[in-house]
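Report on the structure given below.
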Amino acid sequence: MQEISIKFKLTNEEINAIENQKKYYEDFRAISIEALKIVQKKRGWVSDQAIYAIAEILHINPSDVEGVATFYSQIFRKPVGRNIIRYCDSVVCFLTGYKRIQIALENYLKIKIGETTKDDRFTLLPVCCLGNCDKGPTIMINEDTYSVLTPESIPSLLESYK
């Protein structure tokens, strides 16, 4: 990660929320995941500039914040669509047919894994497990979980998300 020379500012709301977390932790590095979630909730993703701003508030090295951001798949390091589709690509969902669901999603959305639709409506991401192994294949759209899917069910499901 290159050092960013452009001055970037978090909002007062973001700063206050991050500062509020300090009372719960002795080691401020432990706050980095919460700080990343605070920034992402407001902005939709976490830029390099935000990484440096978080590190400054927490008085830690930016590489520590970057390490946390890149480790957690729920932290987005580039802009994403309004609706995040996560499909489970675990062994169990493989056995229950996730590949057919993945293909149906890609065909309907006209994007590949990791891409966002041209209208910024959807981003398609694989995840290792959604914890719904007895009901696979499973996807999540934002915070909503859908199980026992068929390729034919994908169009009507996606149409309900604007």
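Glycine is no exception: its Cβ is also placed from the backbone N, Cα and C atoms.
Lifted from Swiss-Prot, the feature list:
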type	residues	note
BINDING	Cys88, Cys93, Cys129, Cys133	[2Fe-2S] cluster binding site
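Cβ contacts within 10 Å of Cys93 ([2Fe-2S] cluster binding site), excluding its own Cβ and spanning all protein chains shown: 27. Take the mean position of the Cβ atoms of Cys88, Cys93, Cys129, Cys133, the recorded [2Fe-2S] cluster site; other residues of that chain with a Cβ within 8 Å of it are Asp89, Ser90, Val91, Val92, Tyr98, Cys128, Leu130, Gly131, Asn132, Gly136, Pro137, Thr138. Reduced to three states, the DSSP call for Cys88 ([2Fe-2S] cluster binding site) is strand. Listed in sequence order, the residues of the same chain lying 6 or more apart from Cys88 ([2Fe-2S] cluster binding site) and placing their CB within less than 8 Å of its CB are Tyr98, Pro126, Val127, Cys128, Cys129, Leu130, Asn132, Gly136, Pro137, Thr138, Ile139.
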